[in-house]
Amino acid sequence: MSAPTAPPRSGLAGRLLAAIALVMAAGAVTAWAVASLVGPAVFHEHMLRAGLSDHDEAVLHAEEAFRSASSLALGFALAAAAAASLAVSLVLTRRIGRSLAVLSSAASSLGGGRYDSRVPPPQMGREFDDLADAFNSMAARLQEGERLRGRLLADVAHEIRTPVATLTAYLEAIEDGVQDLGAETVALLRDQASRLTRLSDDLTAVTRAESGDLALDREHVAPGDLVAAAVAASRERAAERGVDLREDSSASLPEVLVDRLRLAQVLDNLVTNALRHTPPGGTVTVGAASAGRDVTLTVRDTGEGIAAEDLPHVFERFYRADTARDRAHGGSGIGLAICLALVHAHGGTLSAASPGPGAGSTFTVTLPTG
Ligand SMILES: Nc1ncnc2c1ncn2[C@@H]1O[C@H](COP(=O)(O)OP(=O)(O)OP(=O)(O)O)[C@@H](O)[C@H]1O
Ligand SMILES: [Mg+2]
């Protein structure tokens with residue numbers, strides 16, 4: 001049994017020609033009807049009004065001349081209109097067809113995974129240019145998404161590799177009797193396992209926050225309270241490190257409508273980073289101030305600072321400026337990506353500034369008050 005074949009589809013040229021043929025036929029029939037039914041009668045009427053007799057030889061001649069002149073004029077006009085329509089439809093079909101062919105081949109190659117496919121502006125009017133623009137921006141978004149997906153997978157694989165390799169090596173050594181399962185080994189295994197757990201928690205958090213799938217439990221909060229809570233939560237850790245942790249809030253700031261716990265998470269991440277990157281004897285200041293209609297929360301430190309080339313990247317997932325040292329502390333480089341997503345979910349912005357290495361850093365959260 002043969003598969004049912006789809007009926008042949010007519011192309012753009014065929015359809016355009018059929019439409020023009022229809023218009024021409026309607027025009028021709030109307031013109032012929034008017035010329036043969038109305039024209040001679042009107043002409044005859046005028047002859048009679050001019051005082052000529054019905055059966056006059058001259059009248060019959062004149063009427064015959066009128067009829068053949070009108071049919072000749074009509075025939076030429078129709079032929080010229082048909083030729084012009086054919087030419088116009090061929091030119092238009094060719095130009096539209098060419099633009100559509102470019103677009104459809106770009107769409108096919110995009111569908112085949114070539115995300116750098118783009119189309120040039122067809123210059124066939126606004127609608128076609130809009131279509132090309134929409135296609136190009138869709139392709140650009142897909143390309144960016146694909147790039148991020150690839151990098152995320154590579155980063156996750158990289159982060160998992162070390163703890164998994166360590167766990168495997170230790171387990172093999174224990175099985176072979178080379179290593180005994182003492183308290184120290186258990187602690188090390190536990191440490192690697194908790195690193196994996198934290199990585200998975202962080203990935204869940206950042207994916208949730210970035211996808212907007214995050215329920216915010218908003219309430220009116222005084223910015224000073226957020227600062228005081230963040231400082232209280234980190235006071236002990238700062239003391240252990242020998243870092244002076246200060247609070248610096250302007251009085252009488254307008255309240256902000258935020259999820260208190262999420263904002264605490266943001267400030268805690270920023271203060272943890274600041275403490276980690278500030279040597280003993282340094283200062284970390286958490287502050288709140290007003291900036292026009294907004295309120296800013298800042299975490300400023302006098303620590304290592306951030307090099308200009310790293311600044312634009314610190315909010316990217318898995319980005320760590322000084323890879324060796326940052327990795328030694330066990331962080332996965334996701335903290336700031338989570339902060340950024342949480343602040344964006346509140347309709348705010350988060351920025352980083354640093355005069356350079358050794359000169360400290362300032363992270364600023366800006367929240368709308370209205
Ligand atoms: N206050 C700071 N001073 C200097 N560098 C900083 C500071 N805060 C962040 N950075 C740099 O930005 C990088 C990214 O920070 P982020 O908080 O995202 O990751 P992390 O702290 O390394 O790991 P995680 O937060 O996942 O435990 C850090 O590794 C560090 O290089
Ligand atoms: Mg961090």
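Cβ coordinates come from backbone N, Cα and C, glycine included.
Per TrEMBL, these features apply:
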- 94-147: domain 'HAMP' (DOMAIN)
- 155-370: domain 'Histidine kinase' (DOMAIN)
- 12-35: transmembrane segment (TRANSMEM)
- 72-92: transmembrane segment (TRANSMEM)
Using Cβ atoms and a strict cutoff of less than 8 Å, what residues sit near the transmembrane segment (12-35) while being 6 or more residues removed from its termini?
70-71, 74, 77-78, 81-82, 85-86, 89-90, 92-93, 96-97, 100
For the domain 'HAMP' (94-147), give the DSSP counts of helix residues, strand residues and coil residues.
40 helix, 0 strand, 14 coil
Going along the chain, which residues at least six beyond the ends of the transmembrane segment (72-92) come within the CB cut-off of under 8 Å?
13, 16-17, 20, 23-24, 27-28, 31-32, 35
Return the average pLDDT for the domain 'Histidine kinase' (155-370) as a whole number.
88
